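Colleague: Feature table excerpt (Swiss-Prot):
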type: ACT_SITE; residues: HIS42; note: active site, nucleophile
type: ACT_SITE; residues: ASP287; note: active site, proton donor
type: DISULFID; residues: CYS159-CYS370; note: disulfide bond
type: DISULFID; residues: CYS212-CYS310; note: disulfide bond
type: DISULFID; residues: CYS345-CYS349; note: disulfide bond
type: CARBOHYD; residues: ASN92; note: N-linked glycosylation site
type: CARBOHYD; residues: ASN133; note: N-linked glycosylation site
type: CARBOHYD; residues: ASN167; note: N-linked glycosylation site
type: CARBOHYD; residues: ASN177; note: N-linked glycosylation site
type: CARBOHYD; residues: ASN191; note: N-linked glycosylation site
type: CARBOHYD; residues: ASN267; note: N-linked glycosylation site
type: CARBOHYD; residues: ASN322; note: N-linked glycosylation site
type: CARBOHYD; residues: ASN331; note: N-linked glycosylation site
type: SIGNAL; residues: 1-30; note: signal peptide
type: TOPO_DOM; residues: 31-380; note: topological domain 'Lumenal'
type: TOPO_DOM; residues: 402-423; note: topological domain 'Cytoplasmic'
type: TRANSMEM; residues: 381-401; note: transmembrane segment
Amino acid sequence: MAGKRSGWSRAALLQLLLGVNLVVMPPTRARSLRFVTLLYRHGDRSPVKTYPKDPYQEEEWPQGFGQLTKEGMLQHWELGQALRQRYHGFLNTSYHRQEVYVRSTDFDRTLMSAEANLAGLFPPNGMQRFNPNISWQPIPVHTVPITEDRLLKFPLGPCPRYEQLQNETRQTPEYQNESSRNAQFLDMVANETGLTDLTLETVWNVYDTLFCEQTHGLRLPPWASPQTMQRLSRLKDFSFRFLFGIYQQAEKARLQGGVLLAQIRKNLTLMATTSQLPKLLVYSAHDTTLVALQMALDVYNGEQAPYASCHIFELYQEDSGNFSVEMYFRNESDKAPWPLSLPGCPHRCPLQDFLRLTEPVVPKDWQQECQLASGPADTEVIVALAVCGSILFLLIVLLLTVLFRMQAQPPGYRHVADGEDHA
């Protein structure tokens, strides 16, 4: 009986201690999403240019070259709907200007893509409907002139050091081998298109034009066979790698994609410490923007970013109170975004590790790093000019000294001429 009473006492004591712990210890904080940054490419567009022998010139396209099509508008509306579903419970179901900020490059296609995306993300509810027959509301999209854009329009320039790196890239074995392997092919394409200055770096324009025409049901010329299109596509992907990789990728990143990455890092840090930014920050830009950023992050898959593809940064606060970053890439509309892992970090990357690992590709002073370093020849010229300048300076000082002494010397004795008046 005593043993039974002792067992009950121990059980009661255990329950009491558990109750005290529940009262004294704070509840565990659940992991929560705090901030999202999106970078997406515009939707389907018309070609940005054509070639001399192309039977389809600019008048073939309703709005001309480089413009968003109806297909492109739909792609971004659907992306907006997908984002609305993904961030249900994080974003308000209706648009609140304090929650969202959108910036675009100053191109019609990126501005219109952002607007179509926002139409899918924030359809008007209740009082936001200014017309019962229109399920749309205006939401601001911010931009700066193309010539002033140092954040989203790539490649960034003018940057002499970047141009020097590109010249050095052209001398690498990989570039030289690619050039020699495709010399005859490029000659054939140049002859068929009427282009006279076709290179590894410009042939992407031909592929882009043919791809847009094929996508919109226009008949391609006989020379643009499936094999030719496949080869052009591969060279198009090579041109992206030429812009941001192949040679000195880390330094190129500091001069290109690292500039945008620096802003993203700054925003992540700010939201982890002060929460002073909107919950959703959106950049509407181009395939070159995505490739530049992903090359800086070293997560580029080697292929052109498709229309309406979207790179996602999500900042989480863990139950420990620390912050982590997760990245995703949505490049297929019928599939969930692909998880991306920064090299050297798990997919759920602690914020401090994310900042540490990306630090080497972020410029300290972009303007300064874009300047050309003085080479040996430049140093010799500078030294020679300095020596010549010093000699010239000494000669001038010597000459002035002699002249000063001559003027300061008192006049000597002389005979007075006959008939000369005395003072």
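Here the Cβ of each residue, glycine as well, is placed from N, Cα and C on the backbone.
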Colleague: Say you check the Cα of ASN133 (N-linked glycosylation site) against those of the recorded positions ASN267, ASP287, ASN331, CYS345; which is nearest?
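Modeller: Checked the recorded positions ASN267, ASP287, ASN331, CYS345; minimum Cα distance to ASN133 (N-linked glycosylation site) goes to ASN331.
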Colleague: May I ask which of the recorded positions ASN92, ASN331, CYS370 is closest to ASN177 (N-linked glycosylation site) if we compare their C-alpha atoms?
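Modeller: For ASN177 (N-linked glycosylation site), the spatially nearest of the recorded positions is CYS370.
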Colleague: Of the recorded positions ASN167, ASN191, ASN331, CYS349, CYS370, which one sits closest to CYS212 (disulfide bond) when you measure Cα to Cα?
Modeller: ASN331
Colleague: Can you give the mean pLDDT for the topological domain 'Cytoplasmic' (402-423), rounded to a whole number?
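Modeller: Averaged over the topological domain 'Cytoplasmic' (402-423), per-residue pLDDT gives 49.
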Colleague: Fill in the CA-CA distance, ASN92 (N-linked glycosylation site) to ASN191 (N-linked glycosylation site), as an integer in Å.
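Modeller: Distance between the two Cα atoms comes out at 56 Å.
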Colleague: Give the three-state DSSP assignment (helix, strand or coil) for CYS310 (disulfide bond).
Modeller: strand
Colleague: If we check Cα distances from CYS159 (disulfide bond), which of the recorded positions HIS42, ASN267, ASP287, CYS349 wins as closest?
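Modeller: Of the recorded positions HIS42, ASN267, ASP287, CYS349, ASP287 has its Cα closest to that of CYS159 (disulfide bond).
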Colleague: Let me know the most crowded of the disulfide-bonded residues, choosing from CYS159, CYS310, CYS345 and counting other Cβ atoms within 10 Å.
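Modeller: Per the Cβ count, the most surrounded site is CYS310.
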Colleague: What does DSSP assign CYS159 (disulfide bond), in three states?
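Modeller: In the DSSP reduction, CYS159 (disulfide bond) maps to coil.
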Colleague: When a 10 Å sphere is centred on the Cβ of ASN322 (N-linked glycosylation site), how many other Cβ atoms does it contain?
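Modeller: So the number of other Cβ atoms within 10 Å of ASN322 (N-linked glycosylation site) is 12.
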Colleague: Checking the recorded positions ASN167, ASN267, CYS310, ASN322, CYS349, CYS370, which are within 10 Å of ASN331 (N-linked glycosylation site) at the Cα level?
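Modeller: If one measures from the Cα of ASN331 (N-linked glycosylation site), the recorded positions that come within 10 Å are CYS310.
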Colleague: Tell me which residues of the chain lie with their Cβ under 8 angstroms from that of CYS349 (disulfide bond), as long as they are six or more apart in sequence?
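Modeller: The answer is SER324, VAL325, GLU326, MET327, SER341, LEU342, LEU357.
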Colleague: Between ASN167 (N-linked glycosylation site) and CYS345 (disulfide bond), how far is it from one CA atom to the other, in Å?
Modeller: 33
